[in-house]
Amino acid sequence: MEAKNFAIWDYVVFAALFFVSSGIGVFFAIKERKKATSREFLVGGRQMSFGPVALSLTASFMSAVTVLGTPSEVYRFGASFTVFFIAYLFVVILTSELFLPVFYRSGITSTYEYLQLRFNKPVRYAATVIYIVQTILYTGVVVYAPALALNQVTGFDLWGSVFATGIVCTFYCTLGGLKAVVWTDAFQMVVMFVGFLTVLIQGSTHAGGFHNVLEQSTNGSRLHIFDFDVDPLRRHTFWTITVGGTFTWLGIYGVNQSTIQRCISCKTEKHAKLALYFNLLGLWIILVCAVFSGLIMYSHFKDCDPWTSGIISAPDQLMPYFVMEIFATMPGLPGLFVACAFSGTLSTVAASINALATVTFEDFVKSCFPHLSDKLSTWISKGLCLLFGVMCTSMAVAASVLGGVVQASLSIHGMCGGPMLGLFSLGILFPFVNWKGALGGLLTGIILSFWVAIGAFIYPAPASKTWPLPLSTDQCIKSNVTATGSPVLSSRPAIADTWYSISYLYYSAVGCLGCIAAGVIISLLTGCQRGEDIQPLLIRPVCNLFCFWSKKYKTLCWCGVQHDSGTEQENLENGSAWKQGAESVLQNGLRRESLVHVPGYDPKDKSYNNMAFEITHF
């Protein structure tokens, strides 16, 4: 395939994205220079409002893989991706009502700090190391994969885009900290939306309007959205997306450092929850844009599929190829789409760099050197941002020589996210689970999820479970592409057509449920954790989510944790001995009228703020 090269205006538009992103970093570096503390740098002083945080959350997890991959999925497999509407809803509700209150009220900066408070240091360090490795690997692939797709279609310089992404992200993360990351993400979210909007308008115009797009998509079986087949081996059904998708995204949203770090940077818990719910709207909007882009792309290529005809070599190249065709006579707009795709990359990489610096500083540096000055802490934090920026960019370079392993690497996020979700669920939902159960559960979840994912990579699922919908090449200009015959399948073990063939969306569910089951069993065998030894602040049994449960069952689910005994002052004093007084903002189960006396609670706003940590935490 011959690449269609960018015009000068395309490069101008693309360069503007990098220039503005860098400018935001410089702005916050100058503006916040007198507030040179690690607290300001890593969590924005815990005084962010919900608006920019919501945009940042959406942009951070809508990477270029989403911008390029989701329309391609819809083009090949149909609009069943729309069912992610339901999965996103479940994920945001569970995150805001179950996980966020525990993290926000405990006053932590690193989510893995919670694991030490609930269990012990080995559990915390094990989880932190897993997070660091999987984030560096995933971030490298997020940088390289879209750069490769765009290079092969548009002629956009591969290594220029890779190094520009790494340098710019590292630059504004190191200079401006979390505030720069959040506000840059907000800007990049707008760029992503505008980029999608131009594709939707121009693409639908080429297709003769949305009515024609929907009619042709219906004729091509692309609008068969709800498939209620319960077969877990099917790639995308209603159940694999709602159940498996919820587990996958909950691992990313509910317990991921990058998400929680933004939420706890908000000035109050109410703002943090609003950020999550407004982020839900952003996720829905991007999902709708991506799905309709895929349908418009199908309408355009319905009689000549560039993938099966050999015009392009990979499905991820479909969207860039489509953009270059519909904007062939409109210089600057292909550059806008590339800016849209790289906005997803920049926001994801920046979020990862900032989160990696935070967990490393909080979990390792502060543990070894607890009495660092504010100035030194800030410089160390900036140094960590620089270090991880270089490591993520280097990982992108390494991804270029990994070949087929890149495809496997894209599943690492889900493979590690499931066991992590299970680990935090053990700590928050099951008060009787001890540290042995937590470590054993984490190890079991990792083994199970890696087992099924690596097995699926070696023995791909049968074509009948993953075959795309019909694609036509009837009106393609015949090229000299040599047709490849069906590959000769090597002998497959029986497990390859069952366990290894389950939908990739269930990888997280396998890891999470395996971790929880093993953790509960090991804890019961080795002796349950005494409820009296656990701070009520650290758990949130399921009964808390259901107000109609009786007091008897509620007490039973708390497993001996003293959630409603003693005075608030006694609870706060006990909390001071537990973690320097900063984390004891409230106790679950306190009477509403008594919360007026609890630091950090605003009775008028009926929410919790970060003022309780102003003096004691830094």
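Note that Cβ sites are derived from N, Cα and C of the backbone, with glycine treated the same way.
The model shown is predicted, which means the values in this text are computed figures rather than measured ones.
If you check TrEMBL, you get these features:
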TRANSMEM  6-30  transmembrane segment
TRANSMEM  50-69  transmembrane segment
TRANSMEM  81-104  transmembrane segment
TRANSMEM  125-146  transmembrane segment
TRANSMEM  190-210  transmembrane segment
TRANSMEM  236-255  transmembrane segment
TRANSMEM  276-298  transmembrane segment
TRANSMEM  318-342  transmembrane segment
TRANSMEM  384-406  transmembrane segment
TRANSMEM  412-432  transmembrane segment
TRANSMEM  439-459  transmembrane segment
TRANSMEM  504-525  transmembrane segment
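Only pairs six or more apart in sequence are counted, and the transmembrane segment (125-146) with the transmembrane segment (50-69) gives three or more Cβ pairs under 8 Å, enough to call it a contact. Spatially, the transmembrane segment (412-432) is not adjacent to the transmembrane segment (318-342); fewer than three Cβ-Cβ distances between them are under 8 Å for residues at least 6 apart in sequence.
The stretches the transmembrane segment (504-525) and the transmembrane segment (6-30) are not in mutual contact, being linked by fewer than three Cβ pairs under 8 Å (pairs 6 or more apart in sequence). Only residues 6 or more beyond the boundaries of the transmembrane segment (81-104), in the same chain, are considered here, and those with a CB under 8 A from a CB of the stretch are 70, 73-74, 111, 114, 225-226, 236, 238, 241-242, 245-246, 249-250, 253-255, 259-260, 263-264, 269, 272-273, 276-277, 279-280, 283-284, 287, 290-291, 294, 424, 428, 537-540, 545, 608. Here the transmembrane segment (318-342) has Cβ contacts under 8 Å with residues 4, 6-14, 16-17, 64, 67-68, 71-72, 75, 146, 149-150, 153-154, 156, 161, 165, 191-192, 194-196, 198-199, 202-203, 206, 293, 297, 300-301, 306-307, 311-312 of the same chain, all six or more residues outside its ends. Outside the transmembrane segment (6-30), and at least 6 residues removed from its termini, the chain residues within Cβ reach (under 8 Å) are 154-156, 164, 168, 171-177, 179-180, 183-184, 187-188, 191, 331-336, 338-339, 342-343, 346.
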